[in-house]
Structures are given as structure tokens and as C-alpha cells.
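According to Swiss-Prot, the protein has these features:
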TRANSMEM  70-93  transmembrane segment
TRANSMEM  156-179  transmembrane segment
TRANSMEM  195-219  transmembrane segment
TRANSMEM  291-309  transmembrane segment
TRANSMEM  346-369  transmembrane segment
TRANSMEM  385-411  transmembrane segment
TRANSMEM  433-455  transmembrane segment
TRANSMEM  531-549  transmembrane segment
BINDING   573, 582  [4Fe-4S] cluster binding site
TRANSMEM  589-610  transmembrane segment
TRANSMEM  664-686  transmembrane segment
BINDING   675  chlorophyll a' binding site
BINDING   683, 691  chlorophyll a binding site
BINDING   692  phylloquinone binding site
TRANSMEM  724-744  transmembrane segment
């Protein structure tokens, strides 16, 4: 008798043709909601249409259907990203001076946009060098193209076309995986398989592919460019890939092929996989051989990580088991029940991912200037400032988004019956202690950090400089930060074996990298002024966290409104007859959190902009004397509020205010226009709904008088809608004002 092993069960993971493709249905506005599909009676309809069109939770309660919509939407998002990237590369190919910049990146500035003369706009086309007239760009694309080994505009064309093809594929995939072969819920909930594929596939193989490209294409091309070879003389990428002898001329270990790899003699490859530290003195960017080594190491780590989770075989980790095993002496049931949250609530997943991605984006902002990854990035001050500012803003928005979705999870997806005495439940039960302590911390930080400035302003005003907190009077040196800097600067070998220099020049030492007479990077001194402003950072960040965390922890209930969960994520007040219960919804906390996020990030980017202009950026003459843009005035001037207003905001706004009649005049107009947008927001934020409803009714009366009354009845925005429009314009106006101020300044002086 033969005993057969049981036949493996084939899991059916997709459903065929679940939703028919119907253009008629899509053409009907509001098709996803019975109420909205009836069409508009009042102007509120258009607002609700925008508010709910992507709120898949409100379309259906079926988790599988919601998951499919989210999955499909992600492909749409990727398509948009590919179209955007294609546009960037197309501008580089069609309208830019990339090839000229590549031949002389020190004297020629990047430009990829030429303004058409219609009513005299050609004034905006400034001279960027090399006889090219255009708008100076600060996105960093030229630098990243050079680092990837792009040597001609034809290559940019090809990449742009490739990106469009990928965009089409993504759109097709989004349609296919919703209408033709939609995954089942079990597929979305198979977290181990998802982890394995994302870690090994996206991060592991993605990094490996990039490392391979860097080794075979970027390194040799950049090596030749650094040596001053004309880009047109450099062999094309496929020649390096197909002809090993070409590479061996630049990196001798290539002649040995894979023998050192299989004989574990890996140090043979140290001519193109290095641990040098510091910056390449020719380009002022990280050594590309270091970044290749980094991507190879990342690839190895993630390829290993992508084999750690248990799927079809009975080996490997199970996320549920890991979570449930985490019980400490003071944590009750630990993480029991958390796995179920993460597999049934997309909002909970999204909240975690946004919090981590937001933090990571802010870390990226700080690394882009301290370890500039691309050639000639460090001496392009406009791009340095733009990249820092951009990544800080994005990080701030993502972190607020994390709180928003955490609160939506609490309101819509949290089931108190399954969460008993685990960590989430315990946090919710002692939320009063958390919030009241955090509130105390905010008050302490606010009074003490701002108090130090007010003390300085008072002493300065009374003519008593010797009684101020500054490097030349009462010193408050950031000794811990200086210790961290010193440790890194004095012992680079602790970071990596045989490292020649520390990870970043900013740590200290006497190293200075200048490219073409401009400072790329040097050790950044920290003093009393930095100590003061860092405590302002601590204050604003803690207040942001207080508002957002209170919104999450009190999203379902509070002493004031015990049944808050029944009112939903956003509601104006707890009904008539309950005064003093307005603006308490989780949505309102996100609304308020956005303002404090804006405060936090503004002070960070102001600090960065002034500090770099004062202590890092500038020119260096043949004698080695550095002339900083603002002459090192940060340490003395920024210790008073008056100094920030006078020597930063006012002094540095002169370029944007005086830009009319020059190629920077667009920034002057933007500065004015964005101030207007910002001021417009106050109209929504400072007035109540009733005021507008009353006004609208008298306007309707006038229309009726003239027999031109509209069929769709006009109504004032709801309270929540008004606040949403207000905060959107506040942020848009504020960010665009800052953008114009920064760029006009840094392009003029940088």
C-alpha cells in the first residue's frame, strides 16, 4: 500500500471579473453615494462630492471591496508619479542646458525652463551662464542625472518615454486588478508573504539593481567626468556593461571577474566598493564608490530580511506570534489584539506608515546637506536650501497625516471588545496622565525657551549686552551636541573599518571642501544661539504632538462628550443645547495640529537658512580666507527676537522686495500673491458660518428681485468646510511666501 503525501491545496487568491467596467457609471458625478448621485439641490453638494469621493469607507462596509479600491488607487498614484517624472526628464531633454552644465557645473547654473515672450515675460529668463537664458531651477535633477551617469539629452528623452510607458502599465494594472482579477481579502491579509515580497523584491532587488547600475554605468562615467573628459568622448552605458576591459582600465579588480567573490577574497573589490567617508574634493559630493557600497549592503540586508517570514513552509517568523509574545512585567496583555487591528484597519496601517515615513523624510532633509549625495550639489546653495525645505514640509505633512488616520482608525475601526488590557487599551486608559504631563512639558518649554529670548531682548534694549545669554556674555553652550560632534569627528574608524574621514564634514575637525572657490561643506560650529533655537524647536514640536495625540486619544470619547465615537471623525458641535462642545472632533485636532506643524517647520527652515548662510556657505579666496554670505552674524544676532526680525527676515527679504524689473521678478509677484492667499485664509478662519449665510440670503433676495435666481440653492460652507478652506489657504499662502523669500534671496546671493 502506497501512502501518498497529501496534495498541496492551491489557494485561489483572485476573483475574476468582479466589477464591470462602465463608463456611463463613471460619468455620473457622485455615483458612489445614493444621496450624491441624485444631483445637487444646494451648493453643499459639490463640497460633499469632493469630501467623500475618495472616502472608500463611506461607499461600502465590505473590507474586501475597500481593500481593492485602495489597491487599485495605488496604481493610479504610481501612474501620476511616472507621468510627473517623465515630464521632469522631458524638460531636461527638450528645454534645458544640461549638456552645457555637465561640461562646466561650476560656472553654469541649471535651467530647464524657458519662458515664452507673450507680454514681456522674457525678463524672467535670466543669464545662467554659457549663453543660456532661462529660469534657474533648484530641484537637484541635474546633479542626480550626473550621478546616475546620464551624459546626453538623448538619454533623458529615452528615459522620459520609458516613464510614460510605465505610467500606461500602471494605469492598466489599476484597472485590471479591480475589474478583471481582483485580489481576495485573504491576499491583502497575508502579511508574511507581503513582507517577504516587499522587503526582498522592492527594497532588496531594487537596491541591488541600483547598485549594479552604479557599478557598471555611474562609476566609470563619473570617474571620467571628474577627470575632465568631454562627455561626448565618454563611452555609452551599454559599452561599459558589455565590455569588461573598459571597466578594468578604470577599476583593475574587474579583470579578475567573480573569482574574488567566490573565494571570499572580497577586499579585492575595494577599488570600487569603498569606506572612505567625507566628500570627493572634485565634486563636493559623497564618494560614489561609498554610495555603491551602501546600496550593495542595503540589498544584502533586505534580501535576507525578505526570507524571514513564514509562508508556505513551517519555518520563519509569524508576525502574530511575535506581537503576542511581547508581554513585559508592566504591560498587561502586551500586543495581543494588535495583529487583528493591523489586518482589518487600513487606517491603522496607514497611520503607522505615515508616522515612520514622515520621520524618515525629515531625516532625509538633514542628510541631504550634511552628506550631499550628488556631484556639485553642495555648491548649488539654492538647491541645497530647496531640498532641505521641501523634505521638511513633506515630513511635517506626513506626520500630521499619521495622526489624522490614527484618529479615523479610533473612530471607525477600533473595537473595544477585542482590545482588553493590551498596550493600546492601557494607553487609552491612562490618557489623562499622558496628556496632562505633555501639557506641562509644553508650558515649561514654551516659557523657558521664549523666556531666554525675551530676557535677551530686554537686556539688549536696556543697553546691557554683558547680561545677555550669548557666546560673548553668559554662555549656554550645547555641550552634549558638541560632545556628539567631537566623538564623530575624532574617531571615524568607529563608524566603519578603515574609514579615512568621518561620515560628515559637519562633525568637526579642520577639513574643508571647496569647489570652484565656493564652500561645499565645513565643520558647523554650535553655540549659545543654536542652544536657544533648538529649545524653540523642542517647544513647537511638543505642542504639535500634544494637539495631535490628544485628538487621537480622545477621538472616541471624553469627559465632555462621552459618546464622541457616534458623532464620527468630523462634526461641528455636539448638537443644539450643548454649548461649548464645538471644535472638539478628531478632525478639529488635525486642523489645529496643522497650524503648529507649520510653526515648527517654519522655525526649522529659518534656522537652517540663516545658519548655513552665516557659518557655512560662502566663497574662499586663494589665501584660504572664507567670506560667508552673511559674515557669521548668526551667533550674535539670532539670540534676540529683534535680531531674527531685523537681521534675518527683514535684511534677507530685500532681494525679493527689490526683484521687480529683474529675472527674479516672478518671486516678487509670488511673494505678494502668496501673502494675499494667506490673508484670504483669515476671512474663513475668523468669521462664523451664520455671518455668511445671512449675507448669502440677502444676495439671493437681490437675485430674486431681478428674476435671475439660480436653480441650485447657494448655501454657506459648513463650519468644518470653512475651517478646511481656511487652513488650506493659510498653509498654501505661508509656504509659497517662504518659497519666494528663500529663492529670491539665495539665487541673488548664492
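From the backbone N, Cα and C atoms, a Cβ is placed for every residue, glycine too.
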Integer Å distance between the CA atoms belonging to residue 692 (phylloquinone binding site) and residue 675 (chlorophyll a' binding site): 23
Selection from 156-179, 385-411, 589-610, the stretch that has most Cβ pairs under 8 A to the transmembrane segment (70-93): 156-179
Best-contacting stretch, by C-beta pairs under 8 Å, relative to the transmembrane segment (291-309) and drawn from 195-219, 346-369, 385-411: 195-219
Pairwise CA distance, residue 691 (chlorophyll a binding site) versus residue 573 ([4Fe-4S] cluster binding site), rounded so that it is a whole Å: 18
Distance from residue 692 (phylloquinone binding site) back to residue 582 ([4Fe-4S] cluster binding site), taken between C-alpha atoms, in Å: 18
Close approaches to the transmembrane segment (346-369) from elsewhere in its chain (Cβ under 8 angstroms; 6 or more beyond its ends): 66-67, 70, 377-378, 384, 387-388, 390-392, 394-399, 401-406, 408-409, 412-413, 521, 608, 612
Contact set, same chain, for the transmembrane segment (531-549): CB under 8 Å, 6 or more residues outside the stretch: 399-400, 403, 434-435, 438-439, 441-442, 445-446, 448-450, 452-453, 469, 476-478, 481, 589-590, 592-593, 596-597, 599-600, 603-604, 607, 638-639
Rounded to the nearest Å - Cα separation of the residue listed as 'phylloquinone binding site' and residue 683 (chlorophyll a binding site): 11
DSSP state at residue 573 ([4Fe-4S] cluster binding site), helix/strand/coil: coil
Rounded inter-Cα distance in Å - residue 573 ([4Fe-4S] cluster binding site), residue 683 (chlorophyll a binding site): 21
Number of other Cβ atoms within 10 Å of the Cβ of residue 683 (chlorophyll a binding site) across all protein chains: 13
Cβ neighbour count within 10 Å of the residue listed as 'phylloquinone binding site': 16
Residue 691 (chlorophyll a binding site), number of other Cβ atoms within 10 Å: 10
Cβ-based isolation winner (fewest other Cβ atoms within 10 Å) among the binding-site residues 573, 582: 582
Beyond the flanks of the transmembrane segment (195-219) by 6 or more, those residues with Cβ under 8 Å of it: 147-149, 237, 240-241, 247, 250-251, 272, 288-289, 291-292, 295-296, 298-299, 301-303, 305-309, 311, 319
